[in-house]
Every structure is written in structure tokens, then in C-alpha cells.
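Listed in Swiss-Prot:
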{"type": "BINDING", "residues": "Cys16, Cys18, Cys37, Cys40", "note": "Zn(2+) binding site"}
Amino acid sequence: MKQGIHPKYETLKVSCSCGHTFETRSTRSEDLHLDVCSECHPFYTGKQRVMDTGGRVDKFKKRFGALGKKDS
């Protein structure tokens, strides 16, 4: 590799709004703040919920249900 053309690779501190912090390496020089990380995101914590707010599935089936039916 050529010397002096690559950005400096530094250690930076990553912090989340939940309070979890960790260190990683990057060419970014300033610290990084995240809104959601693997410690607090529902997908990773197993607290994921599937919600049908306002009956959206039923509304969709009501509008487009007839399109999927086959004539015999």
C-alpha cells in the first residue's frame, strides 16, 4: 500500500440513548451517538410485538380480497 494516502483509522466511542456504550474502530474521528442499538432494539431483545393497529389487515382484505379469488 502507498504510504500517506489512507485516512487514519482511530478508536471511537459509540453510545446509545439507552445508556449502552462500546468502542469500535473507524475513520470517523468524533464519537458516535445512536438512537437504537442491539441492546435495546426489540428485534434483538426478543420483545418484538406484531400489532395490527386500526385493523389494517382487515381493511386491506376488504378492499382487495375479491381480486385474489379464482373463478371455478
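Quick reminder: no glycine exception, Cβ is built from N, Cα and C everywhere.
Here the binding-site residues are Cys16, Cys18, Cys37, Cys40, and the one whose Cβ sees the fewest other Cβ atoms within 10 Å is Cys18. In sequence order, Ser17, Gly19, His20, Leu34, Asp35, Val36, Ser38, Glu39, His41 are the residues of the same chain, not among Cys16, Cys18, Cys37, Cys40, whose CB sits within 8 A of the CB centroid for the Zn(2+) site. Cys16 (Zn(2+) binding site) carries a strand DSSP state (E or B).
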